[in-house]
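The structure under discussion appears below in the form of structure tokens.
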Amino acid sequence: MDKLLERFLNYVSLDTQSKAGVRQVPSTEGQWKLLHLLKEQLEEMGLINVTLSEKGTLMATLPANVPGDIPAIGFISHVDTSPDCSGKNVNPQIVENYRGGDIALGIGDEVLSPVMFPVLHQLLGQTLITTDGKTLLGADDKAGIAEIMTALAVLQQKNIPHGDIRVAFTPDEEVGKGAKHFDVDAFDARWAYTVDGGGVGELEFENFNAASVNIKIVGNNVHPGTAKGVMVNALSLAARIHAEVPADESPEMTEGYEGFYHLAGMKGTVERADMHYIIRDFDRKQFEARKCKMMEIAKKVGKGLHPDCYIELVIEDSYYNMREKVVEHPHILDIAQQAMRDCDIEPELKPIRGGTDGAQLSFMGLPCPNLFTGGYNYHGKHEFVTLEGMEKAVQVIVRIAELTAQRK
């Protein structure tokens, strides 16, 4: 475990932010740097079949050390960090034996406060790794990477019985492209776990059904002084569209299993406006109903417009709830829960109010629930991870490998 923190700090020092709207995968050069570093480390550890695809998926195998027909299992994390907050020049702070209260994030006014983040009350006495208030930390998902790498080392050094262990590190998860170029056949695992979750004990096998909605509004601009009966204000139409979207079904008003509509971007002029929504729901029927609702709104607002003015709506599904695929293989969750209990952790099955590579992989034939990393407050300057949580994640990964080997 002594190298766990060292690995993590090494990985977060690299800027691996992904970038939306880029055709190439990985979308940024920084991701390649981390992938090449990990490839070198895996080879130094003696793993076999170490491959790095042209689309930036790194795979490797820790060969079984016991005979028998043991199913090959996998562990997966992503190398990119969120585009939502800078990942350049990350300067982690290590707070040992946290005693409560506010934690100053670097030099300035930014603090990590238990008033805003009550989970801190549960972490007294632990070692917290925070940001300096200027960037995100990158625990999402470099904590997962460090934990997988450390677990591999533990399995080797302690000669713990295990079958074939596949590992993979993927790019561009944060922009929804992480699993699109994942070769499930080449990975050759019966099932896998993404290590991309949050607090200790979290085990996730349900996620949102997700879609994006892009709306193009074409109006007609003339001088405001002579506009009566002629001007069609695209911005006004955009405002009318958003006014029709249920205000109490937005991200800031929902939790748990509740779905939402989220206006993620809007820009425009009188002549042309563009809106970008994301739609999320755990229930497939409700998900489809939300998409229909957006089409109905666009049709209603666009009714009676001049033929040269129009509203164009394009809906694209992003991913689906992996629950329907994972529940077909209950032993995958049983093993993970037993591993946690064996490590004195009470499993907490909860839905992911988001998505992971595992969601897409589950529909590609690789059932893939999500394990905790020990991290919190992802995608922003209040992100942090506990060293103890990371150590627990390593223990659970190792125990899953051990329990799987006992299922001969």
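For all residues, glycine too, the Cβ spot is worked out from N, Cα and C.
Given the structure is predicted, the values throughout are model-derived calculations rather than measurements.
Quick look at what Swiss-Prot annotates:
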BINDING   H78, D140, D196  Zn(2+) 1 binding site
ACT_SITE  D80  active site
BINDING   D140, E174, H379  Zn(2+) 2 binding site
ACT_SITE  E173  active site, proton acceptor
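Feature map: Swiss-Prot annotations on the structure.
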{"residue": "H78", "record": "Zn(2+) 1 binding site", "Cβ contacts under 8 Å, 6 or more apart": "D141, G144, F169, T170, P171, D172, E173, E174, G178, D196, D357"}
{"residue": "D80", "record": "active site", "Cβ contacts under 8 Å, 6 or more apart": "T16, Q17, S18, P26, S27, T28, Q31, P171, D172, E173, E174, V175, G178"}
{"residue": "D140", "record": "Zn(2+) 1 binding site", "Cβ contacts under 8 Å, 6 or more apart": "T81, S82, D196, T373, G375, Y378, H379, E383"}
*Other than D140, E174, H379, which residues of the chain come within 8 Å of the Zn(2+) 2 site, judged by Cβ distance to the Cβ centroid of those residues?*
T81, S82, D84, L136, D141, Y378
*Which state, by DSSP, holds D80 (active site): helix, strand or coil?*
coil
*Report the residues of the chain - excluding H78, D140, D196 - with C-beta within 8 Å of the mean position of the site's C-beta atoms, for the recorded Zn(2+) 1 site, in sequence order.*
S77, D141, G144, E173, E174, T194, V195, T356, D357, T373
*What number of additional C-beta atoms lies within 10 angstroms of the C-beta atom of H379 (Zn(2+) 2 binding site)?*
16
*Should H379 (Zn(2+) 2 binding site) be counted as helix, strand, or coil on the basis of DSSP?*
coil
*Just going by other Cβ atoms within 10 Å, which of the binding-site residues E174, D196 has the emptiest spot?*
E174
*State the count of C-beta atoms found within 10 angstroms of the C-beta of E173 (active site, proton acceptor), not counting that atom itself.*
26
